[in-house]
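The feature ATP binding site is assigned by TrEMBL to G483, R484, S485, G486, T487, G488, K489, T490. Annotated domain 'UvrD-like helicase ATP-binding' per TrEMBL: 462-857, in sequence order.
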Amino acid sequence: MNTLSILDNPSLTSVEAVDDALITFSSCLSKTNFGRVLESVADDRPRALPLILSNIDEQGIPLQKWILDSFSHQPDMFTSSLHYKLLLQLSDLFFFDSPISFDQEVRMKLSSKHQFIRKIPALLEHLYKLSFDDKQRGDVPEFQGARLTQKQRKRNEMLAARKPLVAEQKLFDDVGLDVPRCQQELDDLMERVLTEQLSLLKEYFGYLRSENVAEVIKRRFVVSTETEDLFLSLQEEAVAESDLLDETPSAYPKVQPMKSALYFDSVDGFGDWIIFVNQNAHNELRIKHKKDKDTFDIVVKKIRELSQGHFSPDNQKRLKGVGTEVPIFEAKMTSDLRLIYQVDVVAGGDEREQQAIKIFGIYTHAQMDDRLWTSIGRHLGRRGREYKERCSARIPAPNADDQTFIPASFPPLPEVQEDADSPNLLADDSNPVHSRFLMEKYVVFSQPLMNTILADVEATFPHLVSSQEKVIIEHPYSCYVIGRSGTGKTTTLLFKMLLIERTAQLAGGDAPRPRQIFVTQSRVLAKKVEEYFATLVKSLTATNQSLEELRNLKAAQHHLSLDEEDDDMIHMDDIIDWTGDLPSKFSELQDEHFPLFTTFDNLCLMLEADIADLERAKKALSTKSPISATPPGLNVAKTTVLTYDDFLRITGLISLNLLLNVLIQPWFSASVIKGSEETLSSDSHYLTCCEYLNMSSRSQSTFADNRESIYTLFKAYLDLKKKQGHKDGADRTRAILDSFSAHGTPGQKVDHLYVDEVQDNLLVDTLGKKICTLSDATGANSRSRYAVLRALCHDPNGLFWAGDTAQTISVGSSFRFNALKAFQWRLEEKRSKDLDPDQQRAVQPEIFQLAVNYRSHAGIVNCAHSVVDLISRFWKDSIDKLSPEKGVVDGLKPVFFVGWDEDSAGLEHFIFGDSGSRIEFGAQQCILVRDNDAREKLRKLVGEGIGLIMTIYESKGLEFNDVLLYDFFSDSPAELSQWRVILGALEEDGTAIPDFERNRSRYASICSELKFLYVAVTRARENIWIVDSSLKSGPMRHYWTKKDLIRNLTPGMNAPRLATSSTPEEWAKQGKNLFQRKKYVEAKHCFERALLPDRVAITHAYILRTKAQAIRTDTKADRQNRKRMFSSAAEAFRSSAKPASRKIRLELLRLSGDCYKNADELLVAAQIYRDARRFTDSVSCYRDVNHFDEAIDIVKKEANSVDPDTAAQVIRLAKLFYFNQVQGLAPTSEEHGTKLHQACALFDDVENVLDYLGDRDLDVARAAVLAENGRYEEAAQLCLEEGRTLEAIELLLRVPSNKESAQRARDYILKGLWDHLSFGVVPVDSQSSSLVSRLLELASKASNDSTSFNAEVSMFRAILEKSTTQLRLQAKNFLEAQNIPAAILCLDHYFSTMPRLTDLSVSDVAQQLEAFLDYTQLLSTKLLADKNPQDSRMLQKLFAFERLSEGHVRLAKGSYLHMSVGAANSDQDFMLPSLDLLILLRNRVGQRVRNRILKEDDECKRARAFSLCLNFSTYGGCLELDVLTRMLPISTKFTITLESEFIYSKF
């Protein structure tokens, strides 16, 4: 754990919390880390220093003693030391905010000391600069040839630049000190100042040990969490918003009735009867207007007559039917055209219902089917006698004829009144075509609607709602709306939003726009609701537009439609910018962003972006650095939240049986253990085992008997999650809540919050708890903190929670609406106690249940509700108690195939056909099976092309016209004896029924099974067929049969036609629906049936990606397999992008890049991202593989499209990368120049480049930059300091017309030659020979009139070329010029291979011996005469050694002496004591001379010149002797012989 995080302010909200933090902090301290920890605190949390020093026990942890003992007495280091930082903090504490009450005298002293401490840096700096001699303190000695680091060079330059010899008198006067007059006084003064600082530190430590000081500092540290000036300034708005929870005025006026805001007056000239038209009639009117305007006018005229109540025989002729039916009428328009309508009762104003006219459509005689209208009338008749009487009532219009009537009004009726006396429906009455008219939506035939028809503008207006829906929409307080999909809960939510928005528009004025947020879990749902809302708003604007304006709008819509692209083949979760121009932070939301439609995940991302800014502000405050906010328009890094599918993947448990028995329980129990109300007061953020076991059975009744094993699995889940670095939704929510508690809610709160699918959220996501904190010393300030969603809305009466009862009944769910309502109200009641009398208080929310299903008929609804009855009977606390759901129309009962032999294939043959002609199910039909194993088994049996086959879990949230539930009971993990428990609900006599109460845990699995069954049954809209011949299906079938809820179909009975054909368009539509719900395998099947190969290819890519995501990463083989699968998915996305339109192509390429990235193929991913114009991702991938050329190219060309932080990072890394390459490349290479130019192009100017390289000791690159800019001398100096002599010489030679630089180059050439060809060294290796050759080439360029330079260069060239003749001649010349080292070197190389004297003449031998004598004399003289060879520059040059100090010399690697000490194989120089140098020279060089004298002696013995001369022996004289005598005096002969013997004896 980070030690500093213990002292983070937000977590220290009480003295007890500070005590706990200090104990934890103390446990992290040890004598070995005192310095490091205190330095960190001083740098990052300086205000915590007094707290630590005053409260930590000095006896146990002697911090103060360690600080005093380690006090620094180095003046140049003091001001950056921990001790000075401590002095600053303690002087501030006791001067500005002393915890001790001092008298006036002490306060004056403290003030003086405070000022003195503040002036210490300037004083010490000035004292340190003063100097009374030429030597600068701190200079790094620059010995000849020594290499200094860049920092050492900079330090010397700085010290050389600061030599103010005149003291600043004012500085000394300010601190009351005398100016030093000599070096001794200067040193004494600095020591005195430092000693006084130590005394002050001891004094402050004494104050800290005073009575009660520790407690005072501790309390103030708690208070300081609210008084950080800079931090408060950043969060002022957020805190103010949080504190003024109810003071924000409502952004909209009182909600108006729906009629005034959403419904409009009838068409001009129409009467009192409101006309409603369904979509069918609406479409017919549009078609008539386009194709036959005369007929259109006739139709409109007839509708006008009906609106005026003219019910003549031609206008209101009842179609055939009986008295039990609700009458359906026709109105004659032409000889063949009829208007079909019904007088209905709809919700009106003043909480009453009134008569209205619903138009079903416009038909010819040939299109009219009496059976259809009779069936519809019979359906309507089941609503009850009272409903029929209201529809039939007629009130004559006053002062009119007897055929004109006005609409009647009535008190509201219940939503559904079943008439017990109504006859059962005929089979044809349940035809879906018949019931469609009753389930359609109706809109008012208003003037705006008429205008859109006339202008041919597509429009969608608010449809007619039921009386109960109207009550919900106009409800002025918070509420909960629950109901199944299709009951209208989302409609009520959306219409309420629309009503508030519309009310504000009608009110006009300067009132701010109402801030409304719609939140759900699904992006798809959020987008659909937003699009529907936008369509309604656009249509409502037509009320204020003229016909001409609407026609112009039509032209604009046509133009836009040409540019729209079909982008539905990119899943909504994969669309990065699906929120459009929404800002990245919640605090940045403006009025124009509302109403806002978003997901809970995206809302959390926005809040986390604000929290990230606050964290950066805290860090900046603690480090005294500037605050950098998140750049506008850029999202912070997204938080990866563990989902249920992720849970399946990381645990590796994907078998459904394991899912039921092991997996689902801990996962959904986690929503209780981590997400329930009790966790809000838990430090660990989840319930302990004891707390979980002691929860009431109502909290999780289904698994109440298995809690110990569930908690064990939950702990295993926590360990696995921690090991793999995951976070789940509860972790994220708790982090946001903690931030809200510490800093308040960011930004402006909203007026209304709407949460759809609320059952998908944890309880802590929706609500929270009340926390009281002490804010200041003047009293207590209570601040309410509700959890994420509730905290965003300032109005406690502005909340709308909508949920799906079917989802709460689904397997694993522990959510109950009553629990949510009770929890919220408890918190609102607590909060209301702290409100001022004039602040708005919450009104207890109502729960509205929408029980009328407009999608599924009563046959399916009743069957599904019977399952709910069973769950409620046996496990009454597991779900909410709800009113029975009703279908708006009746329908066929579910069909249960019974009586078929379980072991025979007869049933399968009957349903699916034989193997040669399989029946194919349609696009709106689905076969449901229990799990993947069952699906594979069925596919093997019937083949792949049978139709859609899905597991029950996969089908959640989907609906189909027809559902075939296959072998649900047969594949059940529960036994027959367990299934029999449901028979207890029938209370039949004589039936053996298990005793449920005696062994509740035995039947817990049946609760899960029934929830699965409920999900399966409610997937169907029109037909549900149950195929199961196992005995385990018996109890449930018997129960349904007794309740008359199913139709049992046995062999031989007339069976319904199961499979229906679908058009390609229908398959395509279903494929699109399944695709957006991530059912990719089924979507692919649909697209194949729709003959859409492009969509098949895209869906196949999604399938491969899903498979890759599901592969675990535990083993190397798994990881490799996962990468291979991602690579296949990437290629599939890439291939599918080729035929796609531009927009889709870019998105598919991006997904391809994502998959390549997951496959670790970063280079390919980078290129794909670039093609997809995802430049930031491309740059990041290029960066990760060190392809900076491409990365920088993108950054430069697409500067506006690359994230600034990423661009800055890439540029920073590229600079270092390029310069590191420059460091290692040969300066003459082409690549060296290329990389240098690339790197320099990333800087603003040359000086910035040089500073950058200097700070990083990249001297090779720095020299190259200097040279590139013509600063050759500076570059050469750098090269010399780095030992790169050749480069330095080349640079010096490039300096134009500079004799000094040329001379320096010549000096370094000679030095390099001497270093590599010193005494006794022969360039045997290619590297050494090449180096010498290069030096000689440079010497040719540097040649001038200098005789000595040219002579020595010639010498080295002769050595390299082994030209002995030239070496002997040059040795003589060097002797004459007194260049002794050069002479010795020439002679040494000359005699390295002894000249053969055998056949030489006497004169030649004499010359050889004379040269040899010179060689031995020179070595003898120099070695014997100089007692201190380490000081001899001649010997240093000759033998390539260097004096380092009085006691040591450095032998250059590769030199003769270096090899003589046994370091021949070392590539490092050798350090030798000076005393050993003389011995080494005499021993090694003496041995060398002795060996050569002996060799010379041998040569002389074999030389003919020393043989007895025959002429001389015979005649006593010789001509050659005369010549020799003239050339070499006789004394010399003796001298040669004698001195050679003498020298030999010396060595």
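Glycine too: its Cβ is placed from the backbone N, Cα and C atoms.
Annotations in TrEMBL come from automatic prediction, not curation.
Note that the structure is predicted; figures quoted are calculated from it, not measured.
Feature annotations (TrEMBL) mapped to structure.
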{"residue": "G486", "record": "ATP binding site", "Cβ contacts under 8 Å, 6 or more apart": "N853, Y854, R855, S856, E959"}
{"residue": "T487", "record": "ATP binding site", "Cβ contacts under 8 Å, 6 or more apart": "L850, A851, V852, N853, Y854, E885"}
{"residue": "G488", "record": "ATP binding site", "Cβ contacts under 8 Å, 6 or more apart": "V465, S466, E469, L850, V852, Y854"}
{"residue": "K489", "record": "ATP binding site", "Cβ contacts under 8 Å, 6 or more apart": "V481, I482, G483, D756, A802, G803, D804, L850"}
{"residue": "T490", "record": "ATP binding site", "Cβ contacts under 8 Å, 6 or more apart": "V529, D756, A802"}
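Over the domain 'UvrD-like helicase ATP-binding' (462-857), the average per-residue pLDDT in this prediction is 69.
Cβ neighbour count for S485 (ATP binding site): 21 (other Cβ atoms within 10 Å of its Cβ, all protein chains included). Every protein chain considered, the tally of other Cβ atoms within 10 Å of the Cβ of G483 (ATP binding site) stands at 23. Apart from G483, R484, S485, G486, T487, G488, K489, T490, the ATP site neighbourhood in this chain, defined by C-beta within 8 angstroms of the site C-beta centre, holds T491, D804, L850, N853, Y854.
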